[in-house]
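Below: one structure in structure tokens.
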Amino acid sequence: MDVQPPTSRYFAALLNTQGRSLSRLLELRAKVPTYVWCSLFTALGGFLWGYDTGSIGPITVMPQFEAQFGALSPAAQGLLVSSILIAASITSVVAGPLSDRISRIRTISVGGAVYAAGCAIACSAQHRPQLFIGRCITGVGEGLFISSITVYVTEISPPASRGRLSTCVQLFNTCGVMTGYFTCYGTVKVPGSFSWRFPLALQAVVAVIVAVGTPFFPHSPRWLKIANRHRDVEETKRRLGIAGASAEDYSVDTVIPNVRGHFGQDLKNLWGKDIRMRTLFCVFIMAIQQLSGIDAVLYYAPTLFSQAGLSSTTSSFLASGVSGILMVVITFFCQWFQDKWPRRTQMIGGSAVCGFAMLIIGSIYLSHANNTEHGRTAIICFIYIFIAGFISSWAIVCRIVCNEVQPTQTRAAASSLGQCANWVVNCVVAFSTPLFLNRSTWGPYFLFGGCSLLNAAVCFAFQPETKGLTLEAIDSGFEDTPFQSAMRRRIGNLRNRGNNTTRDGDESTSTAIELVEVSTK
């Protein structure tokens with residue numbers, strides 16, 4: 001009788017265990033539709049975006065970073081942080097037309113490759129110019145893939161799960177913010193330049209994964225129609241797992257215009273008679289959401305917490321990390337209910353919470369109550385309340401709504417234009433916040449609070465409800481904004497009152513004439 005040696009038995013047991021694990025993984029892979037895996041993987045682009053947001057602010061205040069590049073003035077700090085946004089706002093304009101031509105997934109892949117190259121340049125920087133150049137190249141890549149990811153996920157998702165899958169991008173974004181904060185918290189005590197180079201190197205690794213993995217995914221069925229590849233639509237639907245009644249009707253006999261024209265024509269289509277109000281609405285909400293102050297809080301969280309009373313670098317970094325955890329928890333919770341909550345109510349309510357939180361913080365600074373222990377505690381608490389209000393509403397819903405209200409032929413271009421507006425305003429906020437805080441402790445909070453309340457008013461007046469509708473149904477049903485409907489009802493009521501008054505007046509006049517005639521007789 002052969003007896004296996006202990007080493008052989010160990011490896012046999014290990015292979016058996018790995019075989020069972022692989023079998024379970026394959027079973028899970030078979031149960032979960034491909035469109036879910038595609039959405040989760042491409043959402044890594046959102047992780048990159050959030051990671052940069054969470055890491056660049058702490059990096060700029062690390063003692064090791066200052067030893068390498070010198071202490072940054074408020075203007076230099078703002079320029080370094082916003083440099084990625086300047087480049088991203090430019091390339092995001094061409095991302096939509098580019099994704100219409102070469103496909104969504106190839107645009108995401110190209111953006112990931114460029115992003116990785118920029119991170120590598122910034123990571124190896126020895127002088128400030130090289131660091132700025134690396135940040136700008138990183139922004140070029142970010143501008144290409146962010147809006148394309150949102151469009152791709154929206155187009156491959158069934159209506160019943162579109163909201164949840166679209167929020168995966170935001171969930172990964174918040175995970176990235178949290179990871180960026182805690183990565184810097186973990187390296188801030190490491191001597192030498194490794195403390196700030198490692199966070200940048202980690203970005204490059206994730207970007208390479210996105211660039212290499214994305215081209216293996218199926219194309220969006222809608223893009224295949226745009227590209228006149230109708231024969232591939234059914235096969236792609238089968239690969240994605242959206243064939244049959246469980247998905248949107250991708251095979252309806254509707255004519256989708258060929259939008260693979262010139263770049264100028266793509267932008268011109270956004271301002272057609274039936275589209276321009278949708279375009280204006282998307283651009284407005286994508287731009288003004290940054291004036292709520294969310295990225296001012298996320299980019300400069302260590303500075304804000306230090307200003308609120310957390311004096312040590314470690315404490316302010318830890319408080320920033322806690323805000324990252326809060327963002328992840330809220331996003332994860334909201335993701336499961338996203339297709340049950342009205343989009344319009346979320347955005348109005350979230351704007352109100354953000355506005356009041358910012359106004360209260362500004363009032364505390366204005367009244368000098370921040371000099372007391374209770375005042376400093378209140379500031380920190382309301383910063384967290386502001387983050388919770390924004391993440392549970394605008395951070396999740398804004399891009400979903402912008403993609404839902406646009407018809408297929410303008411969705412990619414509108415997403416790019418909206419993202420461009422978002423980054424332009426974000427760039428202004430990121431650059432000016434250190435300068436603003438240096439001049440006034442309370443002014444930025446009143447500005448951000450007022451803009452948040454303006455957001456609520458605009459959404460109340462002009463935003464339609466899109467929850468649960470197919471993209472095609474939204475295309476045909478986006479005719480009246482709530483404001484237009486309310487005004488139409490108001491005008492109708494006034495006309496009815498006028499008609500009733502006229503009829504009453506005519507009846508009174510007729511009665512008076514009859515009385516006069518009787519009296520004269």
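A Cβ is built for glycine as well, from the same backbone N, Cα and C atoms used for every other residue.
Predicted, not measured: the structure shown is a model, and the values here were computed from it.
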Looking at 313-334, 423-444, which stretch does TrEMBL describe as transmembrane segment?
313-334
Which range is it, out of 6-25, 166-185, 346-365, that shows up in TrEMBL as transmembrane segment?
346-365
Mark yes when the transmembrane segment (377-402) and the transmembrane segment (313-334) have three or more Cβ pairs under 8 Å (sequence separation 6 or more) and no when they do not.
yes
